[in-house]
Amino acid sequence: MTTIGPIENEIKELLTKELNPINLEIINESYMHNVPKGSESHFKVKIVSEKFETLSMIEQHRLVNEILKNFIGNGKIHALSITSRTPTQWKKNNQTKINVDDDKSPSCKGGFGK
Amino acid sequence: MNSYLFRIGSKTSGFLRSTQFVRSYSKHVKSESYKKALEDVETQVAESPCILYMKGIPERPECGFSNTAVRILQAEGAVFTSYNVLKNNDMREAVKEFGDWPTIPQLYVKGQFIGGADILMGLYKSGELSKLLNEAGVVKKDE
């Protein structure tokens, strides 16, 4: 995916502004799903931020959901996969070899088109 | 009502804000069937020791994330009920409002919201899910 769509840009700006992440990856996974080409409906967000330091996983996800509520809440995007880490966790993980397939999103099963 | 909506829609500069206003307004005007759905979710979550709101059924999930959630629960040997949100749109929206969580799947154990597919995967990998399910008594006993 070489072109970044408007929604992806907006998401990036919002997350950067609110969470000041030390690492942020946004992947448009719409191509993996039963939606028209060029869609911006399914995203994966990998984010590392100090603001996650005291939060549990679910609180971290809720925080990201809250920031992106105008996208998920009103159906602008259909699915959001979140991988959130504190800087401590991320640094630790980056020092050991990680199997990149670990974070792969599951295959669609055709759900969205139904 | 229709002409009111049309007037809002015809303003181009504030269009997005207007549509969001209309959306949030219409959410407050809850239909009877939606109110019933909210009550049903509340009852189901309270009565079921372990319930997964998903798309499709465990034997045939209709979404990759729902499939992930099901497979993880099965790997843990969990005994759970499931609800297919695709068969009732009121329920689909009520589940999201009830848990204040915008996506499906959603797992509740003993009335407590645990999370969606990403969180379940994280908890599964760390071993916390196994602990949680065992403590809740929803794991099949080996015979």
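Using N, Cα and C of the backbone, Cβ positions are placed for all residues, glycine too.
Annotated transit peptide per Swiss-Prot: B:1-25, in sequence order, evidence recorded as sequence analysis. For B:38-140, the entry in Swiss-Prot reads domain 'Glutaredoxin', with the evidence type sequence analysis. The glutathione binding site annotation in Swiss-Prot covers B:K55, B:R92, B:E93, B:A94, B:V95, B:K96, B:I104, B:A117, B:D118. Look at Swiss-Prot and you will find B:C63 tagged as [2Fe-2S] cluster binding site.
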Recorded glutathione site residues B:K55, B:R92, B:E93, B:A94, B:V95, B:K96, B:I104, B:A117, B:D118, farthest C-alpha pair in Å: 21
List of the binding-site residues B:K55, B:E93, B:D118 facing chain A, defined by a Cβ pair under 8 Å: B:K55, B:D118
Tally of DSSP helical, extended and coil residues in the domain 'Glutaredoxin' (B:38-140): 55 helix, 23 strand, 25 coil
B:V95 (glutathione binding site) versus the residue listed as '[2Fe-2S] cluster binding site' - Cα distance in angstrom: 17
B:K55 (glutathione binding site), number of other Cβ atoms within 10 Å: 23
